[in-house]
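The region 'Disordered' annotation in Swiss-Prot covers 519-541. Taken from Swiss-Prot, the feature topological domain 'Cytoplasmic' covers 1-23, 97-103, 152-165, 232-307, 376-385, 437-451, 507-582. Per Swiss-Prot, topological domain 'Extracellular' is recorded for 45-75, 125-130, 187-210, 329-354, 407-415, 473-485. Among the features that Swiss-Prot reports, transmembrane segment is placed at 24-44, 76-96, 104-124, 131-151, 166-186, 211-231, 308-328, 355-375, 386-406, 416-436, 452-472, 486-506, with the record citing sequence analysis.
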Amino acid sequence: MAPRIRVLAALDQARTQYYHFKAIVIAGMGLFTDSYDLFCISPVMKIFGRVYYAPSGSVDGSGSGPGVTPPAVVSATVGVALLGAVAGNVVFGALGDRVGRRRVYGACLLLMVCSSVGSGLSVCRTRRCALASLCFFRFLLGVGVGGDYPLSATIMSEFANRRTRGAFIAAVFSMQGFGILVSSAVTMAVAAAFDHYTGYPAPLDTPECADLAWRIILMAGAVPAALTYYWRMSMPETARYTALVERDVVKATNDIGRVLADLDLAAVAEEEVAAAALSPPPVTTPPPPRPSYGLFSRRFVRQHGRDLFACAAAWFLLDIPYYSSTLFQSQIYRPWFPPAAKVNAFQEAFNVAKFQAVIAVASTIPGYFAAMLLIERAGRRRLQMAGFLLMAVFLFALAGPYDGYWRDHAKTAGYIVLYSLTFFSANLGPNTTTFILPAELFPARFRSTCHGLSGAAGKLGALVGSIGFLWASQQKDGAAAGHLPGIGMMYALFVLGGICLLGLALTYAFTPETMTRSLEENESSVQAQSQVGDGGSDAGNGSDGLRFHELNVLMEAATKSPVSMASSHLSMSPILPHRMSL
């Protein structure tokens with residue numbers, strides 16, 4: 001292996017500064033939009049049911065009572081967004097490695113903004129047309145959100161220093177918690193305003209303006225994302241992509257010097273040359289060909305297949321109980337609020353959003369912050385195992401006495417505490433670590449793609465959990481209207497707990513630890529093991545030759561102005577023949 005490029009070492013050792021926190025906010029907006037979209041849909045569907053499923057078309061067919069959105073429609077609105085997220089993870093993850101993180105980052109944000117606005121701007125007033133329009137734009141929203149997952153994690157991992165990389169990526173992911181909180185706040189504000197404006201209508205009286213309320217809630221999710229578009233587009237390409245994928249050390253150094261105030265270009269260059277002087281001169285000076293093996297090639301599977309399986313499988317197993325628990329909220333909050341027949345559409349949506357805000361403040365956000373504090377102390381692997389174990393314990397505690405006790409005592413503090421601890425454990429452990437690990441384990445040229453594949457597996461698990469749980473939680477002999485008979489809530493919770501134990505076992509067997517190591521060290525350890533198995537067949541001096549030649553250019557460029565630096569770089573056509581500009 002060639003010695004490490006010093007600009008990347010300097011990036012690993014850089015002090016935490018303003019730009020790191022700015023990057024957290026910029027990168028976190030996609031996750032913010034994701035959780036806003038996921039959690040606002042429950043209260044939105046309450047209003048939607050009152051508007052488009054009037055009492056005469058209620059689910060039970062009695063012609064009385066408030067309109068209710070059928071379970072199949074709820075599943076469709078959730079499922080299309082998750083399917084879009086699967087596609088977005090795969091497509092934008094691959095594009096992030098092929099054309100650069102920055103180039104497709106803005107496209108994801110624009111797609112999220114436009115589809116959020118489109119979700120509420122449907123001009124249709126009939127039920128079928130409104131549903132078709134809503135599902136179409138929610139699919140596009142899912143594509144944008146899914147694409148943001150690998151790009152946000154990869155960009156933050158490549159900008160962060162070694163000491164706080166895990167905490168920074170966890171901070172990006174914690175924006176989901178604030179998305180839940182803002183979603184609840186916006187829903188409560190809109191519902192309260194419309195309720196007051198319409199004179200607090202009777203429970204079965206749904207004003208025509210309610211059709212506007214749910215649209216405003218959906219469109220409001222575009223505002224925070226739109227506000228960060230300028231800063232997202234002004235970000236430079238990550239140094240690791242520029243240096244390791246585009247193989248342009250000079251430009252990488254220049255880009256990082258613009259955003260990290262304490263990076264001394266001349267000092268970095270001097271360290272590079274000093275390190276090169278201590279190394280034996282390279283045998284070969286021409287640049288080597290770009291790495292020949294591709295994604296899913298035999299060599300890729302040998303070197304990275306185990307890690308990709310560990311990341312994708314853990315994320316898949318996590319999202320089944322995590323998204324199922326999100327849908328389980330309806331069972332939790334129902335005893336605490338008046339029945340739907342005694343409140344109007346705005347009040348029902350307000351109550352659902354209020355409960356979601358309580359859960360977010362009590363368990364979800366504290367779980368994210370606990371992960372940020374512990375990720376660099378306990379490590380990713382230990383936190384993931386601990387989180388899976390705690391989730392299983394709390395789900396079993398809910399499942400065991402459910403039929404005999406919890407079903408008739410749902411309005412107790414212990415019931416909500418156990419449910420909240422399930423969310424806390426997920427966010428403390430696997431919900432955060434499954435987002436971090438794929439951004440640390442893979443080489444720069446596969447990093448975004450592999451993160452996207454892992455995230456896509458997670459969204460498939462979410463699809464299984466969100467749709468499967470709606471069926472499985474129904475009683476065999478007493479399914480709710482619009483549902484097929486299932487296995488019952490108690491057995492459904494037991495299954496979710498068992499899935500968490502399976503995630504624990506998989507993490508123990510397959511997941512490596514990445515704490516305290518640079519991204520290049522994580523990659524080197526995998527390649528070294530592969531080279532030992534191959535008898536060192538991948539060793540060579542070609543990369544040393546390329547690096548030795550670039551060091552001289554780097555030393556010269558560090559003492560020049562940016563204009564001279566660009567001119568010097570452009571004259572290096574024999575070294576980087578495919579690069580035409582900075």
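Keep in mind that glycine also has a Cβ here, set from the backbone N, Cα and C atoms.
Remember, it's a predicted structure, so these values are computed and weren't measured experimentally.
The highest tally of CB pairs under 8 A with the transmembrane segment (166-186), across 76-96, 211-231, 308-328, 355-375, 452-472, is held by 355-375. For the topological domain 'Cytoplasmic' (376-385), the DSSP counts in helix, strand and coil order read 9 helix, 0 strand, 1 coil.
Counted as Cβ pairs under 8 Å, contacts with the transmembrane segment (452-472) are highest for 76-96 among 24-44, 76-96, 386-406. At the 8 Å Cβ threshold, with sequence separation of at least 6, the transmembrane segment (76-96) lacks contact with the transmembrane segment (355-375), having fewer than 3 such pairs. With DSSP states grouped into helix (H, G, I), strand (E, B) and coil, the topological domain 'Extracellular' (329-354) comes out at 21 helix, 0 strand, 5 coil. The transmembrane segment (486-506) makes contact with the transmembrane segment (308-328): 3 or more of their CB pairs lie within 8 A, with pairs spaced 6 or more apart in sequence. In terms of C-beta pairs under 8 Å, the stretch of 104-124, 386-406, 416-436 lying closest in packing to the transmembrane segment (24-44) is 104-124.
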